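Q: Quick paste from Swiss-Prot:
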| type | residues | note |
| --- | --- | --- |
| DNA_BIND | 57-132 | DNA-binding region |
| BINDING | Cys60, Cys63, Cys77, Cys80 | Zn(2+) 1 binding site |
| BINDING | Cys96, Cys102, Cys112, Cys115 | Zn(2+) 2 binding site |
| COMPBIAS | 165-177 | compositional bias 'Basic and acidic residues' |
| DOMAIN | 248-479 | domain 'NR LBD' |
| REGION | 1-32 | region 'Disordered' |
| REGION | 131-150 | region 'Disordered' |
| REGION | 162-198 | region 'Disordered' |
| REGION | 172-252 | region 'Sufficient for interaction with UIMC1' |
| ZN_FING | 60-80 | zinc finger |
| ZN_FING | 96-120 | zinc finger |
Amino acid sequence: MERDERPPSGGGGGGGSAGFLEPPAALPPPPRNGFCQDELAELDPSTISVPDDRAEQRTCLICGDRATGLHYGIISCEGCKGFFKRSICNKRVYRCSRDKNCVMSRKQRNRCQYCRLLKCLQMGMNRKAIREDGMPGGRNKSIGPVQISEEEIERIMSGQEFEEEANHWSNHGDSDHSSPGNRASESNQPSPGSTLSSRSVELNGFMAFRDQYMGMSVPPHYQYIPHLFSYSAHSPLLPPQARSLDPQSYSLIHQLVSAEDLEPLGTPMLIEDGYAVTQAELFALLCRLADELLFRQIAWIKKLPFFCELSIKDYTCLLSSTWQELILLSSLTVYSKQIFGELADVTAKYSPSDEELHRFSDEGMEVIERLIYLYHKFHQLKVSNEEYACMKAINFLNQDIRGLTSASQLEQLNKRYWYICQDFTEYKYTHQPNRFPDLMMCLPEIRYIAGKMVNVPLEQLPLLFKVVLHSCKTSVGKE
């Protein structure tokens, strides 16, 4: 996209944009009433059918044996399902006599219980989906895999987590009638105050961004991907087989990609040589970027192939709960060259004060570490536009959000694009059998980071972005 190369005239106006080179045209005006419901209603996309469920054999994500279904959040066999349930119900603490990296296969899975349980946790088995009495019929059947930190996995493997839970319940008795699983499920829902039906969205400048930002609720440590029905990982003993892409899957993916605005961002990020960017100017630029990215998400909704299948109220509710995640996902993928290129050049011209460095929060440090990790993960995967479009739709179609009127319809849509994404990755990346689960496990990390950013004070965002962009750009430049 061409930019006006004329030097900025006059002083820095109210937007704090002195020194930045303006584009030839301003961004389109924001909608006046939430998501422009009149414009949304005028669209009439064609109705599409749901592809038939595939009956091909699935393999257990833990050992590669024949899977029998979705157990505690992931596709697994009866053996690993029972082992995980017994280990959690009986609070087992195992030991590995080797290096804690034993091979897991159908024949070798019983040789090391420690490594088997470790892999169950790493692949996303949800221990909170097991009933406390150990009887069949676990809690939270709609919840998919969970992603927990290495520290929490270590607490579970060492037994420390079991001891802490026992102490908690002994101290609280029956004062809390909800189970841990129920509390986790409830806390995963956005607060009623975060829905756009109770507060109209304005996209102009800092005030709206701040109100939206501060109004979001923080997700719990466990972040769920709803309805992980079908991702499969091939055992090393079961090499992937050649397959063809279903024509209907290709058509639906093409429609998803067509709904995306893949043009470069229009927010000016060029800056005069030698110009020293202030904290206020960098913050104003970040707000303008957020405004443009959010506007693109609204335009994206109106172009979705399934637009006519949901109500405007549900779209409003979905976007109010996922907009931060959508912006983060797009910044790490389709707009990463600009964000980690042009924006990184701007942040390099910002020098934080000693006071800013001293007051930087622990929450900010955690966000920095996770963002850098996630950037390298996406950089390694080299996510295609097709995969990005599917990941975005899957993350957006979260039927566990409070206030929805068509949760069952959302479940079917989520399932549809889950299968489509798996079809595409297994077809295009035949020799990367773990690519699809690798992509899907990035989604709970995105949700976690987006939720954690709520705890970072707004005045610390310029420093946070400077550190992340500098670290990522420097490390990639060395490759």
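For all residues, glycine too, the Cβ spot is worked out from N, Cα and C.
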Q: Within 10 Å of each Cβ, count the other Cβ atoms, then let me know which of the binding-site residues Cys60, Cys63, Cys80, Cys102 comes out lowest.
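A: Each of the binding-site residues Cys60, Cys63, Cys80, Cys102 was scored by Cβ atoms within 10 Å; lowest is Cys102.
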Q: Fewest other C-beta atoms within 10 angstroms of its own C-beta: which of the binding-site residues Cys77, Cys96, Cys112, Cys115 fits that?
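A: Candidates: the binding-site residues Cys77, Cys96, Cys112, Cys115. Fewest Cβ atoms within 10 Å: Cys96.
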Q: Averaged over the DNA-binding region (57-132), what pLDDT does the predicted model reach?
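A: The predicted confidence over the DNA-binding region (57-132), as a mean pLDDT, is 86.
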Q: Sort the binding-site residues Cys60, Cys63, Cys77, Cys80 by C-alpha distance from Cys102 (Zn(2+) 2 binding site) and give me just the closest.
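A: The smallest Cα gap between Cys102 (Zn(2+) 2 binding site) and any of the binding-site residues is with Cys63.
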Q: Residues other than Cys60, Cys63, Cys77, Cys80 within 8 Å, Cβ to Cβ centroid, of the Zn(2+) 1 site?
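A: Neighbours within 8 Å of the Cβ centroid, excluding Cys60, Cys63, Cys77, Cys80: Thr59, Leu61, Ile62, Gly64, Asp65, Ala67, Ser76, Glu78, Gly79, Lys81, Arg106, Arg109.
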Q: Helix, strand, coil: count each for the residues of the zinc finger (96-120), based on DSSP.
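A: Going by DSSP assignments, the zinc finger (96-120) contains 8 helix, 0 strand, 17 coil.
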Q: What is the separation, in Å, between the Cα atoms of Cys77 (Zn(2+) 1 binding site) and Cys115 (Zn(2+) 2 binding site)?
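A: A Cα-Cα distance of 17 Å.
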Q: Which are the residues of the chain, Cys96, Cys102, Cys112, Cys115 excluded, whose CB is within 8 A of where the CB atoms of the Zn(2+) 2 site average out, their centroid?
A: Ser97, Arg98, Lys100, Asn101, Arg111, Gln113, Tyr114, Arg116, Leu118
Q: Compute the C-alpha separation of Cys80 (Zn(2+) 1 binding site) from Cys112 (Zn(2+) 2 binding site), stating it in Å without decimals.
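A: A Cα-Cα distance of 13 Å.
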